[in-house]
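Undergrad: This is the structure I want to talk about, given as structure tokens.
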2 protein chains.
Amino acid sequence: MKCKKCSQTAVIHLPQHNVAYCEEHFNDYFLNRVQKAIRKYSMIEENERVLVAVSGGKDSVSLWHALVKLNYNCDALFLDTGLGTPKLEELDQLAKKVGSNFIIYDAHEDLMGLDIPKIAKILKRPTCSVCGNVRRYLMNKFAVENGYDVLATGHNLDDEVSFLLGNLLNWQTGYLARQSPTLPKTHEKFVKKIKPLVLLTEKETYAYALINDLPFSEEKCPFSKNASSLLYKRVLNEIEMAQPGTKLRFYAGAQEFFKEKEPVQLRECAVCGYPTTEEVCSFCKMRERLKNALGE
Amino acid sequence: MKCKKCSQTAVIHLPQHNVAYCEEHFNDYFLNRVQKAIRKYSMIEENERVLVAVSGGKDSVSLWHALVKLNYNCDALFLDTGLGTPKLEELDQLAKKVGSNFIIYDAHEDLMGLDIPKIAKILKRPTCSVCGNVRRYLMNKFAVENGYDVLATGHNLDDEVSFLLGNLLNWQTGYLARQSPTLPKTHEKFVKKIKPLVLLTEKETYAYALINDLPFSEEKCPFSKNASSLLYKRVLNEIEMAQPGTKLRFYAGAQEFFKEKEPVQLRECAVCGYPTTEEVCSFCKMRERLKNALGE
């Protein structure tokens, strides 16, 4: 197969767009798709400072690299919660090479010296739920305290459509409105959240990371991928194979359909002052329960 | 595995309800599910006369048999459009045995002597679309002219969830409101349409037909099952295997979510007087185009 742009031998075939590309033109395509998502879903305005949540996997590292290439003013943040073993040194070298910052934030103090699996065990809650709670809270807090306007995460199209399918099968539609590619800043302590990879598949972010020789970890979080999301990804891939473009249509249609009519009203947590929909935010509630469980 | 009711050896296992049944108690279960759908979705009122659209396949024959067993006042109608070869004589014997009527309606005159594949070819339209148009029109007309209040079709849970998934993947939500298990009578010439098998899977209607030794044809219509609906059924079965009960939840949730707010306004076709949303109904439009194509 030939590259659509230059007729050299293609390295990747994208049936959803009915094209194939060589390495160089795949890179162009990838950056265009990121840019397209940013424009389509009003993700980044001029002069905004972007913090990229980097776990060390292919998606977040590719996202960071792509945003730097697209000349956005962005730094990467790795939240060390005792889960995962990304290639920290190589990521730091990458930062120097591309002219960005790679920040490591040690969350152990915020977590009272415990790691996430330990907390989940003490509180008898699912690990992924504790991890999500902690990440959302600390990432937002770090962004606010350090003057970032936007927090970008590496969710790709496969993540989003598998989440969407799971929620539709069970009609948990409340979650869907909050799942949009851009969550606007609705409080001075709640930075804008964006997902610039939503128009790109797992296969594409993987290819981008390989082609650009990015230092990513192939290790999967032992907790993060539950059986359901893998099942949904598998069946969606099956449908995509037979009907290329289904994932993109499914995703775009859902965004249109579940457009949030009004932003959720936020107030300030009685304990930490960060925004929440309730009296006390879920991070502070978790810490409270943890203190009780530890008898402090 | 033992029958949940009598502890005899079970003949069927239903993971979605976490039960197994012997033949006798499966029959009870099946009739209960049909009755439940009829009550839940207000399908049949007392003294209403029901016409069952019988194609001769497992679903429609099982539906007819179940409605008779549940003491509904119902007859079966086979619309002969030159497609399919049901076991007509045996169905007629079944009618006599259970005390119902099996009516054969020859649609060739309404179709100007042509059969459906021929019409589809002349009009350059998909066979299933022509067939659906013809069936909806003639079945409703027959019901109206012969004093039936309700037209029942054999759509099962698998049919409905595969349709639902296909429409959600493409967000063709306009179709979904019209897909409800009960379409009320909204015009004197538009009888109520119901689908009493929506709480039962293909596997269950097949088992019911076998257990009750019903004369059904295993032959598939060479046109009716398009590749997409088979694909959707396959992936939904994959999900159901891993998460029993998903199909039922998916279906019930969708009914709740897409509840039709207001019935569509119908007016009378300028040609035949039967209800339509447009100036001329789609059946009359088809006949008109056919006449033109044939140079009459």
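The backbone N, Cα and C atoms fix where each Cβ goes, and this holds for glycine too.
On a predicted model such as this, the values are computed, not experimentally measured, just so you know.
Copying in the features that TrEMBL gives for the protein in this structure:
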DOMAIN    A:2-27  domain '2-thiouridine synthetase TtuA-like N-terminal LIM'
BINDING   A:Cys3, A:Cys6, A:Cys22, A:His25  Zn(2+) 1 binding site
DOMAIN    A:50-219  domain 'tRNA(Ile)-lysidine/2-thiocytidine synthase N-terminal'
BINDING   A:Cys269, A:Cys272, A:Cys281, A:Cys284  Zn(2+) 2 binding site
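Where in this structure would I find these features, and how exposed are they?
TA: Sequence-distant contacts of the domain '2-thiouridine synthetase TtuA-like N-terminal LIM' (A:2-27) (same chain, at least 6 residues past either end, Cβ-Cβ under 8 Å): 201, 204, 207-208, 211-212, 240, 244-245, 247-248.
A sphere of 10 angstroms centred on the C-beta of A:Cys6 (Zn(2+) 1 binding site) encloses 12 other C-beta atoms.
Neighbour list (A:Cys269 (Zn(2+) 2 binding site), Cβ cut-off 8 Å, at least 6 residues apart, same chain): A:Pro275, A:Thr276, A:Glu279, A:Val280, A:Cys281, A:Cys284.
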Undergrad: Work out the three-state DSSP category of A:Cys284 (Zn(2+) 2 binding site).
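TA: The residue in question, A:Cys284 (Zn(2+) 2 binding site), is helix (DSSP, three-state).
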Undergrad: Under a three-state reading of DSSP, tell me whether A:Cys3 (Zn(2+) 1 binding site) is helix, strand or coil.
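TA: DSSP assigns A:Cys3 (Zn(2+) 1 binding site) to coil.
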Undergrad: Does A:Cys3 (Zn(2+) 1 binding site) have same-chain partners at least 6 apart in sequence with Cβ under 8 Å from its own Cβ, and which are they?
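TA: Listed in sequence order, they are A:Thr9, A:Ala10, A:Ala20, A:Tyr21, A:Cys22, A:His25.
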Undergrad: Give me the count of other Cβ atoms within 10 A of the Cβ belonging to A:Cys22 (Zn(2+) 1 binding site).
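TA: Counting Cβ neighbours of A:Cys22 (Zn(2+) 1 binding site) within 10 Å gives 20.
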Undergrad: Quick one: Cα separation, A:Cys6 (Zn(2+) 1 binding site) versus A:Cys272 (Zn(2+) 2 binding site), in Å?
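TA: Cα to Cα, A:Cys6 (Zn(2+) 1 binding site) and A:Cys272 (Zn(2+) 2 binding site) are separated by 56 Å.
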